[in-house]
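What Swiss-Prot records for Cys27-Cys85, Cys135-Cys190, Cys237-Cys296, Cys344-Cys406 is disulfide bond. As annotated by Swiss-Prot, region 'CH2' applies to 106-209. The region 'CH3' feature in Swiss-Prot is assigned to 210-316. Annotation comment: Swiss-Prot describes 317-427 as region 'CH4'. The region 'C-terminal region' feature in Swiss-Prot is assigned to 428-446.
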Amino acid sequence: ASASPSPPRLFPLVLCSPSDSVYTVGCAAFDFQPSSIAFTWFDSNNSSVSGMDVIPKVISGPPYRAVSRIQMNQSEGKEKQPFRCRAAHPRGNVEVSVMNPGPIPTPNGIPLFVTMHPPSREDFEGPFRNASILCQTRGRRRPTEVTWYKNGSPVAAAATTATTVGPEVVAESRISVTESEWDTGATFSCVVEGEMRNTSKRMECGLEPVVQQDIAIRVITPSFVDIFISKSATLTCRVSNMVNADGLEVSWWKEKGGKLETALGKRVLQSNGLYTVDGVATVCASEWDGGDGYVCKVNHPDLLFPMEEKMRKTKASNARPPSVYVFPPPTEQLNGNQRLSVTCMAQGFNPPHLFVRWMRNGEPLPQSQSVTSAPMAENPENESYVAYSVLGVGAEEWGAGNVYTCLVGHEALPLQLAQKSVDRASGKASAVNVSLVLADSAAACY
């Protein structure tokens, strides 16, 4: 159900750390509906203030939130404060007075500087999913009073501690905040002897714009090599751009059948500070190869409606197996003691999915000893692809007459596997029994 129409709740905002040259104040509007809102600013002489901006235009909803700020020269701001922020809304207009007093004067003229330090994303990675917000003062005395507020309502904080650092007294007051409180955008305020500092995730210090991104889902098809080895197909549904993974539900379904057992992976932190989680289910390779359809269904508290994404194997209209060629090291490499290159080429195949493995005398070699290219379009007109793999071989190993075999797996090959071998003596293909190479990894699917 949609939120009921309501006017905004307005709160003053100031910088976490005062600037010596730029005067900045702001105001935050919370919980209004509908989203239409307009800010205006007035100075102490009731004159309209220009240079206002809104960050961003409107934040999420419903209900909605928005932030407005003004900036000017420090001396001009001090002269014209306090300022009034007015928010015009269809459900009523509200005002709040705000000023940035800067350093707090004391009876003996010694200033007290107040700063606020929000938690980092890493602070929430502990087992209890909580962190702390720090309000710190520096000066030649301890503050007489520190109070905390959450969205304008008083909250309890830990006792203020103080230490002496040279001529300064550094006092610290902390409040505990859960990851859920921080992620939902709650505003926390620290008031030191009448001076306020604010912080929240969505309005860091009341100034930083927040890049809003919608939750997205993407289905990832199983790889051919995994299907070949395990005889099963892994269906992956990737949910990204989540502020919090709490309440996430991911389920895989057969398009013509029931629900599949779905496992949720660990959440992964994205570069933008949001989270990604994979939902994974497994089906038989025969079902996947047969063209069965599957549906990923996602629900999350931040989604207005559940999301769905379908997936099935795309049949190649012009499927062709690769021709496999193996080449010995070039003559130029044989003249020294450098490492040699044995090359395998898979040519003319479609679809562009295959794997390459190397063996020496019938024994598998580590994949770290070779470099394999991604399939490249050889002839776009008839959907033909080519791929190369280069195996590094020691000069002594090659000279000892070892046989090197290139195994190529592709769905259009007989038994989905082809091989070609080469050695120093013949340079011709050698027969190698590869039926047992992958047998230990093979698994039946029922």
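Every residue number used here counts from 1 along the chain in the order it is shown.
For all residues, glycine too, the Cβ spot is worked out from N, Cα and C.
Looking only at Cα atoms, Cys344 (disulfide bond) sits nearest to Cys237 among the disulfide-bonded residues Cys27, Cys135, Cys237, Cys296. Long-range C-beta contacts of Cys85 (disulfide bond), restricted to its own chain and to partners at least six residues apart, with a cutoff below 8 Å, comprise Leu10, Pro12, Gly26, Cys27, Phe39, Thr40, Trp41, Ser68, Glu95, Val96, Ser97, Val98.
The closest partner of Cys406 (disulfide bond) among the disulfide-bonded residues, by CA position, is Cys237; the full candidate set was Cys135, Cys190, Cys237, Cys296. Taking the region 'C-terminal region' (428-446) as a whole, pLDDT averages 43 in the prediction. A distance of 42 Å separates the Cα atom of Cys135 (disulfide bond) from that of Cys237 (disulfide bond).
Cys237 (disulfide bond) and Cys190 (disulfide bond) have their C-alpha atoms 42 Å apart, to the nearest angstrom.
Within the same chain, residues at least six positions away from Cys296 (disulfide bond) with a Cβ under 8 Å of its Cβ are Ile217, Val219, Leu235, Cys237, Val250, Ser251, Trp252, Trp253, Gly279, Glu308, Glu309, Lys310, Met311.
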